[in-house]
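For reference, the structure is listed below as structure tokens.
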Amino acid sequence: TWQVLAIYMVLAASPSEQQALKQACPSCYASQLCNCSSMGLEFIPPGLTGKITVLNLTHNRIKRIQAQDLQQAVNLRALLLQSNEISSIDEDSFQSLEKLELLDLSNNSLAHLSPVWFGHLFSLQHLHLQGNSYRDLGQSSPFSRLRNLSSLHLGNPQFSVIRQGNFEGIEFLHKLWIDGSNLSQYEQGSLKSIKQINHMIINLRNSNIFSEIVRDLVHSVTWLEVAEIKLPVEKKSLVQNSTRPFRIQKITFKEAYFTDQTISRAIVSLKEITSLKELEAINCVLEGKGIWNTTEIARSRQSFVETITIIKVIIQNFHLFFDLKGMESQIKQLKRLTIASSNVFMVPCQLARHFSSLLYLDFHDNLLVNKRLDETICEHSWPSLQTLNLSQNSLKSLELTAKYVSRLPKLNNLDISLNNFGEIPDACEWPKLLKYLNLSSTQIPKVTSCIPGTLEVLDVSGNNLKEFGLQLPFLKELYLTRNQLKMLPGAAPIPNLVSLSIRRNKLNGFSKEEFEGAQVGAVHLSLMECHRSLVVSLICVLVFLLILLLVAVGYKYHVVWYLRMTWAWLRAKRKPKRAPPKDVCYDAFVSYSEKDSEWVENTMVRELEQACPPFRLCLHKRDFVPGKWIVDNIIDSIEKSRKTLFVLSEHFVRSEWCKYELDFSHFRLFDENNDAAILILLEPIQSKAIPKRFCKLRKIMNTKTYLEWPAGQQQQQMFWENLKGALKS
């Protein structure tokens with residue numbers, strides 16, 4: 001099984017590779033999810049094993065992927081390499097990754113793509129190759145072996161050629177994204193080999209290529225999204241020599257550029273795609289005044305489009321835009337229309353009357369005012385409309401707004417939120433079938449009988465309401481959030497209420513009488529509003545328990561010790577890491593226990609200081625400056641010494657005095673990977689006997705060679721020679 005193989009791979013990795021992996025990327029050492037992002041790595045860390053399933057190497061400086069780098073990572077499911085500097089990949093680099101499902105090589109420096117890279121990635125579902133520097137996909141298909149591929153992202157600003165055969169082997173894609181902003185050559189039929197694409201996105205500035213691509217996609221793509229296109233004045237048919245049925249149901253234009261002339265031709269051309277049901281334009285620019293070739297448009301075939309969405313379309317001189325007279329015959333089948341954030345200030349009455357099938361109309365975030373609304377919703381306009389969104393416009397009169405929308409006989413859902421009405425009359429005229437009304441954030445100070453009694457859902461959130469006492473016998477949902485209410489609305493006037501939202505008001509309590517009448521199915525109140533004193537008490541108790549927990553954890557894990565020594569380390573960091581050569585006074589600083597002083601002072605010091613030439617040793621008893629803080633003495637002595645001698649024994653690891661010297665050396669020597677430490681083992685000692693907080697000293701005892709004091713005279717002579725040699729190095 002793969003678990004057994006993974007264990008074998010872990011054991012097979014050499015200790016040195018495991019150590020290198022732990023140092024390069026600590027999260028890889030003990031986890032299946034290996035996150036090495038933004039660590040300044042210049043190569044893939046060695047020692048990767050079969051236990052790793054996700055490897056994140058994004059935002060590093062990796063330049064090359066070598067064959068052996070990922071050889072043992074056989075259970076990898078996701079490999080993220082985007083935003084590096086990769087320019088070279090060995091042919092066998094991904095050979096062992098048969099379980100890989102996601103490969104992201106985007107935003108690197110790949111100048112070409114090799115089919116060999118992907119030859120063994122039989123499980124690959126998502127491949128991201130965009131943002132590199134290749135100009136084409138080669139002479140054949142790099143993806144011919146990727147039978148399970150679901151999404152493919154490719155292209156870059158230098159990408160200029162798509163050839164026939166480039167996509168051979170791919171039959172189905174959920175998503176295909178191509179950055180073809182500078183695509184200059186497209187061989188007809190190149191995308192035809194893909195039988196089905198649910199969603200295709202392409203950045204395309206070359207208008208001539210657009211038509212060729214659409215002809216290849218009419219039978220395969222469900223949703224086509226085109227960005228940055230400047231539409232051509234296309235004379236040829238978009239479905240030339242294509243047989244029905246077509247597949248395209250939705251086309252989206254983003255950041256596209258239209259003129260009066262090109263939009264006229266586009267309408268005629270797109271009507272030829274009889275499967276097309278939805279058109280969308282987002283962040284586009286229309287250069288013109290609406291002088292469209294309505295004669296040609298009317299002469300062309302019937303449109304099958306049912307939904308049009310236009311968001312943030314810029315028309316430079318929108319106030320000069322014509323009334324689109326002559327387009328009446330083209331809008332009769334339309335069912336859903338959204339024109340948002342596009343400076344719409346009116347729809348001519350004559351045009352509005354021809355939206356005979358429209359069910360949904362969204363004009364939110366525009367420039368509609370009450371005077372123009374009279375023209376936009378004139379008598380007999382929008383005869384089938386059921387849902388109308390006029391939120392975030394410039395409507396000022398609720399009475400007039402209600403009057404105009406009452407002309408819509410089938411309207412049951414109205415959103416007029418985020419308009420500044422300010423006042424509310426005592427009575428209003430509304431559509432007879434109105435069931436949903438959104439009056440949130442409209443600055444109304446109260447509710448009156450202007451609110452229609454037919455409503456089932458009412459939202460008056462975000463106003464300045466101080467009370468709510470309306471008789472609404474059919475109301476099922478009531479939203480009163482963010483008002484100034486001090487008491488609940490009475491239950492009797494709203495007997496069918498199922499859901500009540502009353503958050504962020506000024507309620508202090510509820511009386512029994514307020515709940516008389518039919519039962520409220522769901523009252524949405526925050527815990528704070530219902531049990532303020534209880535919540536405050538619970539918070540105080542939790543804070544107290546948290547403080548106790550932090551104190552206990554701090555005591556157990558020596559947090560105070562770490563804080564104190566971090567402060568000393570930060571102060572030491574401001575100094576130079578090593579004193580200038582002229583300030584070095586000693587050959588070695590000696591760290592030892594007081595209980596080992598007899599051996600140190602009578603044996604070691606005598607042997608070294610009486611040698612020829614003599615060694616200069618720094619001892620705390622003899623050389624520390626009296627009255628100076630002990631940590632400063634340790635810092636100065638280590639900085640003025642070429643080496644640091646640690647005389648290790650059972651006494652040493654229990655000594656409070658040695659603890660100070662270890663404290664600083666823990667930060668100063670080992671944190672800088674300094675190799676100036678010499679370990680002398682005076683007696684046998686287990687590394688586990690060293691306090692846990694000195695983890696790096698425990699580590700160095702396991703990895704660094706140390707000198708052991710021997711019992712025999714002959715071996716002792718060899719010991720002194722080795723020690724002197726270490727001090728001289």
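Glycine too: its Cβ is placed from the backbone N, Cα and C atoms.
Bear in mind that TrEMBL entries carry predicted annotations, made automatically and left uncurated.
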Based on the record in TrEMBL, give the one of Cys349, Cys428 in a disulfide bond with Cys378. Cys349
Nonlocal neighbours by CB distance (under 8 Å) for Cys378 (disulfide bond), same chain, sequence gap 6 or more: Cys349, Ala352, Arg353, Arg407
The answer, for which of the disulfide-bonded residues Cys28, Cys34, Cys428 has its Cβ ringed by the most other Cβ atoms inside 10 Å, is Cys34
Going along the chain, which residues six or more apart from Cys450 (disulfide bond) have their CB under 8 A from its CB? Leu398, Glu399, Ala402, Ile424, Pro425, Asp426, Ala427, Cys428
What is the Cβ neighbour count of Cys349 (disulfide bond) at a 10 Å cut-off, with all protein chains included? 16
